[in-house]
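Report on the structure given below.
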C-alpha cells in the first residue's frame with residue numbers, strides 16, 4: 001500500500017505520460033481551432049495580488065481562493081498578499097485595463113491553463129483543473145456572440161464530440177418574461193435561480209420552490225413554469241414577449257445569433273430554449289449552453305456580459321465569451337495509453353565496447369524523427385533486453401553484436417513478427433523510417 | 001501611465017500573443033527532442049504539501065518557498081499547509097516513491113513548466129519561471145549520463161543554439177583531487193564552493209579565498225589553483241589523479257561519458273574541464289555544464305546524483321539528469337511578433353444583411369485551415385474595415401457587397417499588392433489556400 005505522503009495533495013493529480021498526452025492532444029486541437037478564428041493566446045501568472053481577486057466571486061467564491069502567505073519577516077503575521085488564479089476572466093480584466101490600446105480592438109483572446117479552487121474534492125471535481133476560455137472584449141456586435149459560439153462548437157467537433165445541441169436564450173428575453181408574467185422586480189433574481197433548475201427538477205417541484213422559497217404567487221408560478229415547459233414553449237414565448245420592450249430586444253438578439261451561427265453549427269443543432277437561465281448574474285445579453293446526449297450539465301457555455309470587465313476592475317467595454325468544460329471533455333475521451341505512443345526503435349547494448357556505436361545509431365535515427373530508446377540498465381543479456389523492448393512497445397529492436405560489427409550490419413528485429421533482418425549501417429535510418437508510421 | 005494595480009505581481013509576467021508563441025515554439029521544439037529519446041512527460045500539481053518541500057532546499061531555499069495559507073476555519077491560524085512547486089526534482093522523487101513499479105524501469109521523464117521562488121526579482125530573474133528537466137531514474141549506466149547530455153544538447157540544436165561547448169568533470173575526480181593535494185576532508189566542501197568561482201574570479205583571488213575563508217594552507221591553495229588553471233590542466237589532472245582511487249574512478253567515468261556522447265555532440269564540443277565544480281552538493285558522479293560564447297553562466301547543466309531521490313523522500317535508486325536554462329534561451333531568441341503569425345484572411349462585413357453569408361465563408365476557410373477573422377466592430381465603412389485588415393496583418397481581405405452577391409462572387413483583395421479579384425463563392429477556399437503559406 002502506497003503511503004499517502006507520496007500522493008499529490010488532495011484534489012490535485014499527477015499526470016503521467018498516457019493521461020498527459022491525451023490532455024495535451026485535446027488542448028492542441030482546441031488551440032488550433034481558436035487560432036483559426038484569429039483568437040490570440042494570453043497567459044497570465046499563476047497568482048495575482050490578493051486584492052485583485054477578493055470580492056470578485058461572491059462570498060462563497062472568496063472562501064475558495066487559495067491565498068499565499070507573505071514571505072520573509074512578514075510570514076509571521078499569518079497574512080496573505082497573493083492568491084492563486086481562480087478563473088481566467090479576472091486576469092483578462094486586469095490585462096485589458098493595464099494594456100489598453102496596446103491590445104488589438106476588439107481583443108479576441110483565448111486562455112487555457114490551470115485554475116485553483118479550494119472546493120471539497122469529489123468525483124470529477126478537482127482543486128487544480130484546466131479552464132479553456134475564449135472572449136471578445138470591445139465588440140457589441142452580434143457577430144462576436146456568433147463567433148464565440150462557432151469557435152467553441154468547432155473545438156468540440158475537433159476533439160471528436162459531435163452529438164451536441166446548442167441551447168440559446170437571452171437575459172433581456174428572461175427579463176421581459178418576468179415583466180410579462182407580473183413577477184415583481186425585486187423577486188426577479190431569485191426566480192431566475194429557481195427556474196435554472198428546470199433541467200434537473202420536475203416542473204411541479206420548480207413551481208413549488210417558486211412559491212415557497214421565492215414568494216411568488218401560486219398562479220404566476222404555475223403559468224410561468226407551465227409555459228416554459230410546454231412542448232410549444234418557443235411559440236408561447238414569442239407571443240408573450242412581444243408585449244415587452246426587453247422581451248422584443250431579447251427575441252431579436254436570439255434570432256440574430258441563430259441566423260449568424262447556423263451556417264457553421266447547423267440549423268438543427270442550435271435552438272432557442274426559453275427555459276435556459278444560466279445561474280451567473282453577470283450576463284447581459286444572449287446566453288448559451290452546449291449539451292450532449294447522456295451527459296448531465298453542459299460541455300460548453302457562455303454569453304454576453306457587457307458590464308463584467310469594468311466590474312472586475314477593467315474599463316467599461318462590451319464583451320462576450322464562453323468556456324469549454326475541458327476537464328469533462330477529457331474525462332469522456334479516456335487515456336491514450338499504449339499503441340498510439342509506442343516507441344519506434346529500442347536499441348539493445350549487448351557488449352560494452354559497442355555502446356558508443358549504438359549511441360551513434362540511435363542519434364541518427366532520432367535525427368530522422370524516430371522515437372528511439374537505448375537500453376540503460378546493467379544487464380548485457382539479449383533476452384532480457386528484448387523483454388525490455390517488448391515492455392516499451394517498441395516497433396523494432398536493434399541488435400549489434402561482434403558478428404554484426406564485422407559484417408558492417410545491424411540486426412533489426414521486427415518486434416511484432418519476430419523476423420530479423422541484417423541492415424547495412426548506412427541504410428539503417430532509411431530502412432526504419434520507411435517501416436515506422438510517422439510518430440507525430 | 002498605467003496604474004501599478006494592473007501590472008502582474010512583482011516578479012511575474014503576462015505573456016501576450018507574440019511572446020507566448022515564442023515560448024511555446026521553444027517548448028515544442030524541446031519536447032520533440034525529448035520524445036525522440038523516449039523520455040516520457042510528467043506533470044505534477046502546482047503545489048505540494050508543505051512538508052514535502054521544506055528541508056529539501058537548504059535554509060536559504062526554504063525562505064524562498066511560496067506557502068499557501070490553510071483554508072476555511074483554519075485560515076485564522078495564519079499557518080500554511082501547501083506550497084508552490086520550487087523545482088521539478090522533489091515532485092519527481094515523490095512520484096517515483098508513490099508509483100514504484102508502475103513506472104517503467106529505468107524511468108526516463110521530462111518535465112517542463114513553471115516553478116515559483118520568492119527571490120528578489122531582477123533583470124532576467126523571476127518569481128514564476130519555467131524549468132525544463134530530463135532525468136533518468138533507476139540506471140547507474142554511463143549510457144544514461146550520455147543520453148542526458150545528448151538530449152539536452154540536441155534540444156539546444158533544435159532551438160537554434162549551436163555555438164556551445166559541453167564542460168565535463170566528475171565529483172569523484174574532484175574528491176580524488178582534494179585527496180591528492182592533501183586538503184583535509186572536513187575542508188573539502190568549502191574548498192569546492194570556492195573553486196566553483198574560477199569561472200568568475202581571477203586565480204589569485206580564488207587562491208586567497210581558499211586561504212582566508214576556507215583555512216587552506218597557502219602552498220596547497222596555490223598549487224591547486226595553479227594546476228587547475230594551467231593551459232595543460234587536463235594533463236596535470238590526469239597525472240595527479242592516477243594516485244587516488246576516487247581520482248582513477250572519476251577519470252574513467254569522464255572518459256566513458258566523452259566516448260559515448262561524442263558521436264552525437266561532436267568531439268570538439270565536449271571536453272574534460274578539471275575546474276568545473278557545480279555548486280550543488282548532491283552530485284555523486286559526472287557533472288556537466290553547457291556554455292556558449294559571450295554568455296556568462298551556463299545554458300544547460302546536470303550530472304549524476306545517486307543519493308538524491310532517496311534524500312528527497314524517494315527510494316534509494318541511482319539517477320542522473322539535467323536542466324535547460326530555458327528562460328535564458330527564450331530571452332536570447334526574442335519575441336515572435338509580426339510576420340510569422342499574420343492572419344490569412346480578414347473578412348469584412350459591409351452590409352448587415354450579408355453578415356450571415358460572410359460567417360459562412362469564414363467557416364469554410366477555417367475548415368480549410370486558414371486563419372480567418374471576421375470584422376466585429378460596428379462600422380460598416382469599407383475603408384475603416386480595410387484599415388483593420390491591414391492592422392491585423394491579414395494576407396487577404398474579403399469584400400462581399402450587393403453586386404458581389406448578385407454575381408455570385410466574393411471580391412478578394414491582396415493586402416500586400418492591393419490587387420482585387422472576383423472569385424466564385426465555391427472556389428474561394430481553393431483560391432485562398434493555394435495563395436496562403438501553411439500557417440502551421
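Note that Cβ sites are derived from N, Cα and C of the backbone, with glycine treated the same way.
Because TrEMBL annotations are produced automatically, they should be read as predictions rather than curated entries.
Among the candidates A:71, A:102, A:117, the residue that TrEMBL names alongside A:87, A:88, A:89, A:131, A:135, A:278, A:282, A:283 for the L-histidine site is A:117. Long-range Cβ proximity for residue A:131 (L-histidine binding site), meaning a same-chain Cβ under 8 A and a gap of 6 or more residues, is found for A:87, A:88, A:111, A:112, A:113, A:114, A:115, A:323, A:326.
Each residue in the domain 'Aminoacyl-transfer RNA synthetases class-II family profile' (A:1-333) has a pLDDT score, and their mean in this model is 93. Here residue A:278 (L-histidine binding site) comes close to A:169, A:196, A:287, A:289, A:301, A:303: these same-chain residues lie at least six apart in sequence, with C-beta atoms under 8 angstroms from its C-beta.
In this structure, the binding-site residues under consideration are A:87, A:89, A:283, and the one with the smallest number of other Cβ atoms within 10 Å of its Cβ is A:87.
Max Cα-Cα distance over the annotated L-histidine binders (A:87, A:88, A:89, A:117, A:131, A:135, A:278, A:282, A:283) is 22 Å.
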